[in-house]
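The structure appears below as structure tokens.
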Amino acid sequence: MALPMVGLLLLLLLGGPGAAITIPPEYGAHDFLQPPELTEEPPEQLVVFPSDDIVLKCVATGNPPVQYRWSREDQPFVPEEHGGVSVVPGSGTLVINATLAARLQGRFRCFATNALGTAVSPEANVIAENTPQWPKEKVTPVEVEEGDPVVLPCDPPESAVPPKIYWLNSDIVHIAQDERVSMGQDGNLYFSNAMVGDSHPDYICHAHFLGPRTIIQKEPLDLRVAPSNAVRSRRPRLLLPRDPQTTTIALRGGSVVLECIAEGLPTPWVRWRRLNGPLLPGGVGNFNKTLRLWGVTESDDGEYECVAENGRGTARGTHSVTVEAAPYWVRRPQSGVFGPGETARLDCEVGGKPRPQIQWSINGVPIEAAGAERRWLRGGALVLPELRPNDSAVLQCEARNRHGPLLANAFLHVVELPLRMLTADEQRYEVVENQTVFLHCRTFGAPAPNVEWLTPTLEPALQDDRSFVFTNGSLRVSAVRGGDGGVYTCMAQNAHSNGSLTALLEVRAPTRISAPPRSATAKKGETVTFHCGATFDPAVTPGELRWLRGGQPLPDDPRYSVAAEMTVSNVDYGDEGTIQCRASTPLDSAEAEAQLRVVGRPPSRDLQVMEVDEHRVRLSWTPGDDHNSPIEKFVVEEEEEREDLQRGFGAADVPGQPWTPPLPLSPYGRFPFRVVAVNAYGRGEHHAPSAPIETPPAAPERNPGGVHGEGNETGNLVITWEPLPPQAWNAPWARYRVQWRPLEEPGGGGPSGGFPWAESTVDAPPVVVGGLPPFSPFQIRVQAVNGAGKGPEATPGVGHSGEDLPLVYPENVGVELLNSSTVRVRWTLGGGPKELRGRLRGFRVLYWRLGWVGERSRRQAPPDPPQIPQSPAEDPPPFPPVALTVGGDARGALLGGLRPWSRYQLRVLVFNGRGDGPPSEPIAFETPEGVPGPPEELRVERLDDTALSVVERRTFKRSITGYVLRYQQVEPGSALPGGSVLRDPQCDLRGLNARSRYRLALPSTPRERPALQTVGSTKPEPPSPLWSRFGVGGRGGFHGAAVEFGAAQEDDVEFEVQFMNKSTDEPWRTSGRANSSLRRYRLEGLRPGTAYRVQFVGRNRSGENVAFWESEVQTNGTVVPQPGGGVCTKGWFIGFVSSVVLLLLILLILCFIKRSKGGKYSVKDKEDTQVDSEARPMKDETFGEYRSLESEAEKGSASGSGAGSGVGSPGRGPCAAGSEDSLAGYGGSGDVQFNEDGSFIGQYRGPGAGPGSSGPASPCAGPPLD
């Protein structure tokens, strides 16, 4: 197809003496003449049916306008001469009515003509067909036996366009196809072997004709398959192709289908192969029965074989494919515009098989008939020399072989045009020294103009060897100098006209790099910076400085930052290379470069096993990049893998060579290896481990360590050891052979090797051996064994059987008094090691206090003291002893913290790992008298309105003879100061004035310090200061009463509301709890018409319940009698209540009698009953630590004695009755009891009860002391 005339590109006529020209758009030739050029052509073949019109398109462009004409069967065809034939206005498209289609079918061609030539269209072959129909035929049933092949024919009507074939049944359901049943390319339905289930009366072949859009169907075929009792299998036989050797023609660029359909029983399977080369995949279809070749090329030429197999035999068919080609373009003739006198050459090179015949025509007339003046053919090309304006024409090149024609139109246009300067005048050019500059002078004219350049000195430019003028008029000046600047002149002319233009050349200084960057070496992960400076010609702006890496722009990476310098942070090996600094202007650029060298740790790869046996391996590997630092060594790491173990990699250093000497391997292991390269910058990264190397099991190479033998019970021996780790087993499992034998012969004859070894094989420790004499030495050893054998011979160790209680006790026990609270005890150990029956662990000193020096024997002992070791038929100690433990082989100890002026006894015993031995004989000693301490605390609490409780505590160092307590009422008009001599550190002062305050003082005896003073009061404390701000009122209802009260806004106090029936003797009952912030409370459950007393009860700081408001409330209504039969009227209930009241009355009487009764007490005895709790080892001795032998019984005694002795607690007796632990709650020790030994007997009465006092006189009270 020809190119448009305006804007046609300049094309070279290859091998020709001339070249076509293109009129530039800016030349302005708007009315330029154009030869005809076809834009729409009729198809090569057109098939029409009775209802279709024949439409043959033919449209062309040209100036002057184009005229159209047609030919039919190479004869002129005039549409106007045929009724029903017309031409579309404005084009050459031919329309033939459908009624004339059958009569006017044939070969048509279109011609488009104007003053410059004639363009010819390809031939269009018009075929008129009738509507396809199947001829009437008589269809007979197809009858076959089971297993026979069947072919159901289709035979559709013939057509220029083959139809698509479908096989369906009468329900319009497709016949299922598979390896046994399939449709061939001819439309027939093939059965490789018939089955009884194939019997159907309605096999219908449908043909779909795409042109007329019609589907027709064949008469149904009745297939009847008779069952057979003797179905025999048979070898395959080809149904298609019918000839075992078939030749197929395939056209280049098209597709071809090769087909093989076979019959046989069982159903054959088809496969394909190419005999003269490989078979490309993807072309097999239709259950392997077809092979399709797409986009056929000459390489597909050859033989293809199909093979049908079914186990009974083989059938083969060969397809010989010959590839041919319709004509196709190798070099197509091109249209062109030429000037007068030029030579034109039009090439027409066509390929095809068979080789096509080429025919040249001029304006649709064969060249032979058009005359040969100034035209000749050369190698298929048409050459036209010395062109003249009247040589303009349209030339046709048509190629043809048996597969069809190929036609191309190319016009030849000869024109004459005056000269026109296309480049603007006075253009300005800038260039840098030593560069090349191009000064343009574009011109156009036909014939082509001649161009000449003049320098600023008006000399021809071509006189300078540095200048060159191109055919398009441009001047090139190379290696420009500073003096080359100035105004240049271009002059052009052709046969019709001439013209000129000027160009200004300015020469600039080059751009230079003033401070080039320096190469750098950086370690991976560091930051590196490059600096660069440049100078620019001041007349050239702007100048730009850019950074590149390897000639490419810097990557889009935040690690690269560019400002006055370039910085690369966290450098990696990929950053290594050439760094360029480029300074550029619109005219030139300068560049300097530096090398970035990144160093780091080297990698290694491709680990391979060179040689391996049971106990060693040799490895090799490929060293990786050394990252600019030579590899110093390789570290070979080995890992052992087992099902029950996986330990980390162990390492071995290898010098620089990439292989290892033999490396040892442990038995029964899987050993992956990896290699790490090392250079001056450290170890490289690990590569993937190698495939594990497995070694067979072997006997253990070592025995377990930590073998120890020791008894944990008398007469046994427990042998333990540290089990081998799994990696030392050398096998899937390991056991232990444990052996033992006595170290000495019976009778102590010394070591002997005559004893046989006893042994036991176990999986894990321990091994326990029983029935042995106590603490006897044994030789023991443990050997590892596994399925491959025994470990090395084990070295025996020594162990001992279990210990027994010692039979020996300390002798020569003596006591040395050091001061009133410390003594030194010494002893020796009797007997020998055999009597010790174990390892000596230490000694225990057991001691206890008997009482004060000089007092009589105790009358009673603490209940159930804990048992201590003692000699037979010997009485136990009176108090639980205190134990001092001394570790090791000691021969003495210090006993400190003893009570002065006291009698003590002690015993010493030895102990081993099993326990304590028998104690020594008891040794008695006495401590000298000590110094009393001052009183430490005096506490006073109110008991009731006329009594106070007094508690005194001090640290005693000797026997106390008494206490002097002074007290005085502090209110105005009070009585004189009173006093009392106390024999007990706790007592009650009774008969005091009610609601009075007293000052009490307790001086020490002798008076080393001022007296200890305090203040007490018999006045009860109010519950809270807010009660004085209460305002209370009440009103009664029928079954309840509402009580309203007011208090300060910030008060939030809870209290109890109590009530009682005023007309009965019932006690106060609690209704509930109220809160001062609620301002009201409602009493519920009252009887109508009844008067009640109501009071509020709060708790003061001493914990007492105190009533702070009382009033009366009257409910409304009358009393309604309750119906009889209630529980309260039952006789059994009245009797039960009476019994409870009687028991409570008896208990109250007994308590009153006990509270009023006086008694005797002995301060001395109470002090004797205390166990000294301050005994502890002295810091200047090294005999060990104390261990108390007091049992839970002692704790229970202490807790029991304190249960009823708290101040103000229920059941508290008078001072004379004894209160053993009355100070225990105040932080004192248990030794706080005071009893007199008979020197003070009876009760002491005070100065007399006050006016408001009541109750019995205090037993603590005595004559007043002034």
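Each residue, glycine too, has its Cβ placed from N, Cα and C.
It should be emphasised that the depicted structure is a prediction, and the values quoted were computed from it without experimental measurement.
Here's what Swiss-Prot has on this protein:
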- 21-1130: topological domain 'Extracellular' (TOPO_DOM)
- Cys58-Cys110: disulfide bond (DISULFID)
- Cys154-Cys205: disulfide bond (DISULFID)
- Cys260-Cys306: disulfide bond (DISULFID)
- Cys348-Cys397: disulfide bond (DISULFID)
- Cys441-Cys490: disulfide bond (DISULFID)
- 510-597: domain 'Ig-like C2-type 6' (DOMAIN)
- Cys532-Cys581: disulfide bond (DISULFID)
- 603-698: domain 'Fibronectin type-III 1' (DOMAIN)
- 685-710: region 'Disordered' (REGION)
- 809-930: domain 'Fibronectin type-III 3' (DOMAIN)
- 857-882: region 'Disordered' (REGION)
- 1004-1025: region 'Disordered' (REGION)
- 1163-1266: region 'Disordered' (REGION)
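Counting every protein chain shown, 27 other Cβ atoms lie within 10 Å of the Cβ of Cys490 (disulfide bond).
The disulfide-bonded residues examined here are Cys58, Cys260; by Cβ neighbour count within 10 Å, the least packed of them is Cys58. Looking only at other Cβ atoms within 10 Å, the busiest spot among the disulfide-bonded residues Cys154, Cys306, Cys441, Cys532, Cys581 turns out to be Cys441. The Cβ neighbour count for Cys110 (disulfide bond), using a 10 Å radius and every protein chain shown, is 28. Put simply, Cys532 (disulfide bond) is 73 Å from Cys110 (disulfide bond) when counted between their Cα atoms. Panel annotation: around the region 'Disordered' (685-710), residues 601, 603-605, 607-609, 612, 614-615, 617, 619, 637, 639, 641, 665-676, 717-724, 728-732, 734, 736, 740, 778, 780-792, 794, 797-800, 802 of the same chain, lying at least six beyond its termini, place a Cβ under 8 Å from a Cβ of the stretch. Per Cα geometry, Cys441 is the residue among the disulfide-bonded residues Cys154, Cys441, Cys490 nearest to Cys532 (disulfide bond).
The Cα atom of Cys260 (disulfide bond) lies nearest to that of Cys154, taking the disulfide-bonded residues Cys58, Cys154, Cys581 as the candidates. Checked against Cys581 (disulfide bond) by C-alpha proximity, the disulfide-bonded residues Cys306, Cys348, Cys441 yield Cys441 as the nearest. Within 10 Å of the Cβ of Cys397 (disulfide bond) there are 24 other Cβ atoms, across all protein chains. Averaged over the domain 'Fibronectin type-III 3' (809-930), the predicted model reaches a pLDDT of 82.
Distance from the CA of Cys58 (disulfide bond) to the CA of Cys348 (disulfide bond) is 24 Å.
With Cys58 (disulfide bond) as the anchor, the candidate disulfide-bonded residues are Cys205, Cys397, Cys490, and the one with the nearest CA is Cys397. Straight-line distance linking the Cα atoms of Cys154 (disulfide bond) and Cys490 (disulfide bond), rounded to a whole number, equals 82 Å.
Cα distances from Cys205 (disulfide bond) to the disulfide-bonded residues Cys306, Cys397, Cys441, Cys490 are smallest for Cys306. Residue environment of Cys205 (disulfide bond) contains 25 other Cβ atoms, counted within 10 Å of its Cβ in all protein chains.
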